[in-house]
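Novice: Per TrEMBL, the feature NAD(+) binding site maps to Asp261, Ser262, Ser263, Gly312, Ile313, Gly314. Annotation source TrEMBL lists K(+) binding site at Gly314, Gly316, Cys319. TrEMBL lists 167-225 with the feature domain 'CBS'.
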Amino acid sequence: MAFYFSEASHTFGEYLLVPGYSSADCVPANVSLATPLVKFKKGEKPKITMNIPMTSAIMQAVSDDKMAIALAKEGGVSFIYGSQSIAEEAAMVARVKTYKSGFVNSDSNIKPTTTLAEILALKDSTGHSTMAVTEDGTPTGKLLGIVTSRDYRVTRMTEDTKAEVFMTPFSKLVHADAHTTLPEANDLIWKHKLNMLPLIDKNQRLRYMVFRKDYTDNKENELEIIDDKKRYIVGAGINTRDYAERVPALLRAGADVLCIDSSEGFSEWQRTTLQYIHETFGEDVKVGAGNVVDRAGFRFLAEAGADFIKVGIGGGSICITRETKGIGRGQATALIDVIKARDEYYEETGVYIPVCSDGGIVHDFHMTLALAMGADFMMLGRYFSRFDESPTDKVRINGTYLKEYWGEGSNRARNWQRYDLGGDKKLSFEEGVDSYVPYAGSLKDNINITLSKLRSTMCNCGALTLPNFRRDAKLTLVSSTSIVEGGSHDVILKDKFSSRD
Ligand code: IMP
């Protein structure tokens, strides 16, 4: 007879935290959200610690190099999506590792012969009004001038006027050598009242741009996570098919941590992949695995050598796995079960394997609950897809700004390796949808709000660190009637009325 779990499967929205005693020093400013990303032995330090418990999902619509840089600045880690060619994925990793904070690679480049009409179209598509005029129109070509919106007047010029007529020519530009440091560049910007300082090499080729508006940003990332060469930490997704070629390419590009991206991780494929990587490249190469939803799955991956383990099947916002295949488990129940297995394993072996709660976070407080239940960090797709930094298009529909967001198991992504159970190299049916999410602005602004709620709740529960939070948290399952009580109720919200009579 089949095995039946005794408890019903619950999700985050069915739980609440009960506050604990808060002492006077228990204030948000004193809270640390530091958390291990990879496994470590009792008494030792993990090779990678994040300063916030957030990773961005291994998805085409979420994690490219731009997202990775933005998230590392805030203290979390992105896993660059693996459903692209090995060369493309490695190039994204390399761009994160070579990124110099404050030094921008020009993304709007034109030739002297580019027309005003073309310049306006480029400005619309990139949103950037400062354009480098290079000899060959490439980001690193010989710099001949700069065009900004102050150089042209659309009403007084014809659309076919060429950039060379109105650009600020190189002879009139304040510029500096490519080796200039950020503080030196900022001094020049202030001294000459510039908006942007181009840095060039000895052949007058453009290397970077340093913008005045980034100045405060460059000073404000106190939680950023960097390696010993001061480069941003970045992760990369891999699969259980082409790891022999993909892994060395990603490591050469500088990936700090890898993660097997799979909808279901309790499989021989994952064990073979983990063992191959650790035997070939050494234990120092860190690889996460998953996803699992019970103790047996955790134990299996722990023994196979996983450096962190992801929990979650069927709870993702774009996921239709439960509908199509009838597999999965409520995210909260799955997480609680796996956390018990992690703690038992730690007791037995002295090895702590971080657990990641992957998918299904709808409200900010769901993250707080996941951490209270014992997750070391979360992986989020929908959450990050809404921000400026996600790779997808921002569109306006019926007056509302939206961003595109699609699952790796949708026909759009066609990430068949994620659902690999051997057999053909194709998706035989979809496990994800193609969708829109409401556009929400910048990553930094949103993360700040989310984390201030988290810190505040931790203080209500008397915890200043994540380990203390999960040790002391008191959680209660709520009835469906009390869930209704949780929102505003029995009042008429004012924003339903446009004006008073
Ligand atoms: P979200 O944060 O709720 O949007 O969930 C993101 C997570 O959903 C990812 O980290 C993956 O684990 C999972 N996922 C990504 N694409 C698909 C898909 O097409 N089907 C099912 N799950 C997916």
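Each residue, glycine too, has its Cβ placed from N, Cα and C.
Nobody curates TrEMBL annotations by hand; they come from automatic prediction.
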Novice: Calculate the distance in Å between the alpha carbons (Cα) of Ile313 (NAD(+) binding site) and Cys319 (K(+) binding site), and round it to a whole number.
Specialist: 9
Novice: Name them in sequence order: residues not among Gly314, Gly316, Cys319 whose Cβ is within 8 Å of the mean position of the Cβ atoms defining the K(+) site.
Specialist: Gly312, Ile313, Gly315, Ser317, Ile318, Ile320, Thr321, Arg322, Gly328, Gly359, Gly360, Gly407, Glu431, Gly432
Novice: May I ask you to report the DSSP-based helix, strand or coil state of Gly314 (NAD(+) binding site)?
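Specialist: Going by the DSSP assignment, Gly314 (NAD(+) binding site) belongs to neither helix nor strand, so it counts as coil.
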Novice: For the binding-site residues Ile313, Cys319, which Cβ has the most other Cβ atoms within 10 Å, all shown protein chains included?
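Specialist: For the binding-site residues Ile313, Cys319, the Cβ with the most other Cβ atoms within 10 Å is Ile313.
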Novice: Can you tell me which of Asp261, Ser262, Ile313, Gly316, Cys319, our binding-site residues, come within under 6 Å of ligand 1 at the Cβ?
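Specialist: Those binding-site residues that pass the cut-off, since their Cβ is under 6 Å from ligand 1, are Gly316, Cys319.
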Novice: Other than Asp261, Ser262, Ser263, Gly312, Ile313, Gly314, which residues of the chain come within 8 Å of the NAD(+) site, judged by Cβ distance to the Cβ centroid of those residues?
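Specialist: Going along the sequence, the neighbours appear as Glu264, Gly265, Gly290, Asn291, Lys310, Gly316, Cys319, Thr321, Asp358, Gly359, Arg418.
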Novice: Using C-alpha atoms only, work out the spacing between Gly316 (K(+) binding site) and Ser262 (NAD(+) binding site) and round it to an integer in Å.
Specialist: 13
Novice: Looking at Cβ-Cβ distances, which residues of the chain lie under 8 angstroms from Gly312 (NAD(+) binding site) while being 6 or more apart from it?
Specialist: Gly290, Asn291, Val293, Gln331, Ala334, Leu335, Ser357, Asp358, Gly359, Gly360, Met379
Novice: What does DSSP say about Ser263 (NAD(+) binding site): helix, strand or coil?
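Specialist: Coil, per DSSP.
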Novice: Mind checking how the domain 'CBS' (167-225) divides into helix, strand and coil residues in DSSP?
Specialist: 19 helix, 16 strand, 24 coil
Novice: To see if you understand the setup: which same-chain residues, six or more apart in sequence, place their Cβ under 8 Å from that of Ser263 (NAD(+) binding site)?
Specialist: Asn291, Ile313, Thr321, Gly409, Arg418, Tyr419, Glu431
